[in-house]
There are 2 protein chains.
Amino acid sequence: MKRQHRWVLLVAASSTVTLASAADLETHMSKSSNWAAQAGDYANHRYSELKQINASNVGRMQVAWTMSTGVLRGHEGSPLVIGDTMYIHTPFPNNVFAVNLKDQSYKWKYEPKQDASVVPVMCCDTVNRGLAYGDGKILLQQADTTLVALDANTGKVMWSAKNGDPKIGETNTNAPHVFKDTVITGISGGEFGVRGRLIAYDLATGKKKWTAWSTGPDKEVLIDPAKTMTWTNGKMAPVGADSSIKSWKGDQWKLGGGTTWGWYAYDPKLNLVYYGTGNPGTWNPSQRPGDNKWSMTIFARDLNTGMAKWAYQMTPHDEWDYDGINEMLLVDLNIKGKQVPAVVHFDRNGFGYTLNRDTGELLVAEKYDPTVNWATKVDMKTGRPVVDKKYSPGTTGPDVNVKDICPAALGTKDQQPASYDRKSGLIMVPTNHVCMTYEPFQVEYTAGQPFVGATLTMYPTPGSHGGMGNFIAWDAAQGKIMWSKPERFSVWSGALTTAGDVVFYGTLEGYIKAVSPKDGKELWKFKTPSGIIGNVFTYEYGGKQYVGVYSGIGGWAGIGMAAGLTESTEGLGAVGGYKDLAKYTTLGGSLFIFGLPDSTGSATTALK
Amino acid sequence: MKRQHRWVLLVAASSTVTLASAADLETHMSKSSNWAAQAGDYANHRYSELKQINASNVGRMQVAWTMSTGVLRGHEGSPLVIGDTMYIHTPFPNNVFAVNLKDQSYKWKYEPKQDASVVPVMCCDTVNRGLAYGDGKILLQQADTTLVALDANTGKVMWSAKNGDPKIGETNTNAPHVFKDTVITGISGGEFGVRGRLIAYDLATGKKKWTAWSTGPDKEVLIDPAKTMTWTNGKMAPVGADSSIKSWKGDQWKLGGGTTWGWYAYDPKLNLVYYGTGNPGTWNPSQRPGDNKWSMTIFARDLNTGMAKWAYQMTPHDEWDYDGINEMLLVDLNIKGKQVPAVVHFDRNGFGYTLNRDTGELLVAEKYDPTVNWATKVDMKTGRPVVDKKYSPGTTGPDVNVKDICPAALGTKDQQPASYDRKSGLIMVPTNHVCMTYEPFQVEYTAGQPFVGATLTMYPTPGSHGGMGNFIAWDAAQGKIMWSKPERFSVWSGALTTAGDVVFYGTLEGYIKAVSPKDGKELWKFKTPSGIIGNVFTYEYGGKQYVGVYSGIGGWAGIGMAAGLTESTEGLGAVGGYKDLAKYTTLGGSLFIFGLPDSTGSATTALK
Ligand SMILES: O=C(O)c1cc(C(=O)O)c2c(n1)C(=O)C(=O)c1cc(C(=O)O)[nH]c1-2
Ligand SMILES: O=C(O)c1cc(C(=O)O)c2c(n1)C(=O)C(=O)c1cc(C(=O)O)[nH]c1-2
């Protein structure tokens, strides 16, 4: 209980000193009946205090109601629930529906007219990771890089802001994040030579507050060479002047990648925003010598100014496409007897990192899949991975096919967010268990064309259980897997932990599953119409707890189905790797809401 | 029990004297665990002997499993179930999936490559009314007029036959029907000046057996002027020579319509096939004087030769688009103390007809919605409707807007099939409750272009309950509504009656409902992801009864949503009439399977 209490405080902290707008979201997040943010809170916990549905009754859970989104292809993210209204979003064309929870009729529909030419420059399906809420507004980040604020009551556009250019491959898939009176959004296009940045807007007006580039001059990266710190020789030290520029050949940083399409977090006490940057431009490492900073980096930035307090690069000079964008979980941990305000991050590169989120100190870096082989370990002094040359396409050079690299390019985990179980203190992590061959080749940049330069194949980790995923419980203080539940396919869906001692996640075949946080034992499952890559969420309405999830296969793992591709190496190797999905599921797009049966045995809406 | 027994016999009759192929389907239909034909039998009953789900436990019914079809737009018809395999179909592009009922994985998928240019010449959405089974084959009638026989075990094409030309507006939406060793199919395109016909193929080889045109010379309509009978002056009489040709001006019969996209029936004892023909070419009646035979007609034809035994035209010289294609229900009735082998037909024109299916004699013709006003009654001597000139666009002439005609062009019932409850002897009928304005105008024929010539608006029947539909129980011997349950929208879904004293149907908002056959009282409902225009079906697997239905809004009623139309008069008036649908539902495409909970309270697949 003490741990829970602390989090409630953290979430609502300093709300009294901020504007009414910020208080609005924080008040809504503090009520467990709502699901007012994609992760339920600022800290990316995806934990709910609701416990009507618990380990002993979850086996009787039924479908309460369902809703088609009217769009096929990959459905990531989750709806939001504020009071008696649910806000649903779709993949491109990014429709938004406000649903009256009383009778599931529509309050309003927002259906943007977007130029479909954005679709072919989206690397990994036409996904959208969801809406944000704040100050009576629903925030939608459209694929065409337009950020829109809608009146939550009417669906009318209150302001909009354009933050990129699809003609040069800039698109969006990330959920916007509201932190107090600021909306934060990112950019996609690491496979098109896009230069990544995080952008902050004023929630009330849509006025741009700051842009923090991932690569380039200090004043554009919002780095203070003397004050922005990084892990150096076992301690924190200033990054120094031109830390990014110096780590690139010539002006390659201009096409440097480091895009920002993940899940950000915010600590209101420290007033810091946390997020990760993606892969450096081109997948052919020989073409871009250097550490390629600040791609593959965790940044902690001041919410008001965007200035970087600290940065940590996980995969210097990436050779595997191990984007660093995965979610940042803010948890307070007891590490070797000391209470630490930590940020935990499960990187694509297969290491689970724990850092002090205040100072940026590196505390833990351990493999969260023991079969990870591209690096033997992270050197805790330098903070750099110790790369195994056998699995280094940059060492072997272009046009050599490097075999059996684990994990594959889509990492031990991709966008699918983990959940922090505040009760057990463990983090529940949906993972991939996939390896690859990787053959880089020379590529020239052409604006709006793929800037990749590598041919990949993917397959289940050899010599393992045969499946392509695991759902694991992680102790972030120790860097240790507590249990691991094998899955036939990668778990591409976000997890939910609850006070009812039940953990939920979805599978690519389309099952939503409830398991015990103690040992991963399956307590319940249900087959939804299509594969699940959405995140499980929960809310309470009319005194009843509901659990919900989008069903709709797609994303990078499901790109073969979503885009109708059939060649093994298409989708950068995912098509061949996940070809068996077609035996189990089909494209779809719907929302499923589950609940416990009432006394008559029915979970469905009451008869009139 | 006596009544049931008789039907089992009728269904299986003479199977001993036919080929193995015919016996195959009849054996499968006789097992109530299967759903081996679209209506469950030859007689269009849509009745199941299963009764595990009954009036007292249906309230606890839950979703057992679900499956996306991967296609949006209108989902008509139902899957088939043969043993441990379910066969699923989709709207255009008409994919077929064989599903292993054990774990809902796919045995095979058939995904035809059809030219998408067929889509714009489909009048009323890209629907497909389902598959047929027979002789180890799955029969698919593609939209592009290709009839395909697939190996039920492998999905391999065994034969295919082309029966029309989309370039002149010929398409298909009907389910093929297997009657013994013959496959029967039809044609759509009444709105494109297509000349209707029914076509019979040999099930084993795909060789054409006969074509029976709806209009034209006797030898093409397969009429024997001396032997083909029709109701004349209170008794049956031969139709006489050139009965069709004479009823048209010049060679207008060549663009004469009379298409055949409905639900056919077969009586194995009489060896007769029953079906109805659609509207005559152009909706501007002044342009085509005469009775326009044999549009709007019930035909009884010999299965082997196609020769018409009798014909009955319900709406001579149609002025309202009251296609006569609705399903033919073969029931044995006691009419005024006499046992009669009857065919019952709920026509678009609002009259429920009962005829002697052996002789063709007209026995009953009564309104099954009391607000029908275009005709005061059917003259039982002539068999012709007594038209109210006030509602006759042919009388007022072109460019006059005739108001408040009831029913609207989509009839008191459209393709949504009724179900015969063998236990109560009543027929459960999903109906429309919609009126229209109708303004005809002169139109020239251009091949492949709409040949309509009328502007319509549609709206709920004025002065009634405000809704656009009713679900009714009909006594076909008396021609009497026994009860009527109002619905917000037309009930565009096919009904299912069961030995468990429960009747099922779906609504355009997306509810599947269970009601009592006694009084229409609602026993259970569940909101599926999209509107329902499919037909409810049932089967048994592993000792458990399941009830299922497709969810996917569309068809004529849902054409606004399905085709993205917004102008009120688009979709021939349906867009405006059904515009409120958008408040309640969204495009979708999935299959829902329901069952009772097991002892643990769960209806979902067992945990591994
Ligand atoms: O570099 C980029 O800008 C970028 C963007 C995205 C995206 O926006 O979805 C993905 C990736 N990269 C990527 O590397 C990746 O693995 C990935 C998976 C997914 C997904 O939604 O399943 N998106 C993306
Ligand atoms: O005249 C024709 O050939 C034709 C075809 C179809 C069809 O194939 O679906 C319909 C109609 N007419 C029609 O009049 C009609 O009301 C209708 C409704 C529907 C439907 O599936 O909802 N189809 C059709």
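A Cβ is built for glycine as well, from the same backbone N, Cα and C atoms used for every other residue.
Here is what TrEMBL records for this protein:
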- A:1-22: signal peptide (SIGNAL)
- A:35-364: domain 'Pyrrolo-quinoline quinone repeat' (DOMAIN)
- A:E76, A:R129, A:T173, A:T259: pyrroloquinoline quinone binding site (BINDING)
- A:C123-A:C124: disulfide bond (DISULFID)
- A:E191, A:N279, A:D321: Ca(2+) binding site (BINDING)
- A:D321: active site, proton acceptor (ACT_SITE)
- A:492-547: domain 'Pyrrolo-quinoline quinone repeat' (DOMAIN)
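Structural mapping of features recorded in TrEMBL.
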| residue | record | DSSP (3 states) |
| --- | --- | --- |
| A:E76 | pyrroloquinoline quinone binding site | coil |
| A:C123 | disulfide bond | strand |
| A:R129 | pyrroloquinoline quinone binding site | coil |
| A:T173 | pyrroloquinoline quinone binding site | coil |
| A:E191 | Ca(2+) binding site | helix |
| A:T259 | pyrroloquinoline quinone binding site | coil |
| A:N279 | Ca(2+) binding site | coil |
| A:D321 | Ca(2+) binding site | coil |
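Using a 10 Å Cα-Cα cut-off from A:C123 (disulfide bond), the binding-site residues that qualify among A:E76, A:R129, A:E191, A:T259, A:D321 are A:E191. Residues near A:E76 (pyrroloquinoline quinone binding site) in space but far in sequence (CB under 8 A, at least 6 apart, same chain), listed by position: A:P91, A:V127, A:N128, A:R129, A:G130, A:T173, A:Q415, A:I533, A:G534, A:N535, A:Y550, A:G554, A:G555. A Cα-Cα distance of 13 Å separates A:D321 (Ca(2+) binding site) from A:C124 (disulfide bond).
Least packed by the Cβ count within 10 Å, out of the binding-site residues A:T259, A:N279, is A:N279. Residues A:E76, A:R129, A:T173, A:T259, recorded as binding pyrroloquinoline quinone, reach a greatest CA to CA spacing of 18 Å.
The Cβ of A:E191 (Ca(2+) binding site) lies under 8 Å from the Cβ of A:C123, A:G169, A:W283, A:P450, A:F451, A:V452, each of which sits 6+ residues away along the same chain. A:C124 (disulfide bond) and A:N279 (Ca(2+) binding site) are 14 Å apart (CA-CA, integer value). There are 25 other Cβ atoms within 10 Å of the Cβ belonging to A:C124 (disulfide bond). By the rule that a residue counts when its Cβ sits under 6 Å from some atom of ligand 1, the recorded positions A:C123, A:C124, A:R129, A:T259 yield A:C123, A:C124, A:T259. Recorded residues A:C124 (disulfide bond) and A:T259 (pyrroloquinoline quinone binding site) have their alpha carbons 14 Å apart, per Cα-Cα distance. Just so you know, the Cβ of A:R129 (pyrroloquinoline quinone binding site) picks up 25 other Cβ atoms within 10 Å once every protein chain is counted. Same-chain residues that are not part of A:E76, A:R129, A:T173, A:T259 yet have a Cβ within 8 Å of the Cβ center of the pyrroloquinoline quinone site turn out to be A:V127, A:N128, A:N172, A:N174, A:A175, A:S188, A:W261, A:G262, A:Q415.
In sequence order, A:C123, A:G190, A:G257, A:G278, A:W283, A:D318, A:D323, A:A409, A:V452 are the same-chain residues whose CB sits within 8 A of the CB centroid of A:E191, A:N279, A:D321, the residues recorded for Ca(2+) being left out. Here the recorded positions are A:C123, A:T173, A:D321; the one with the fewest Cβ atoms within 10 Å of its Cβ is A:C123.
Counting residues per DSSP class in helix, strand and coil order gives 0 helix, 29 strand, 27 coil for the domain 'Pyrrolo-quinoline quinone repeat' (A:492-547).
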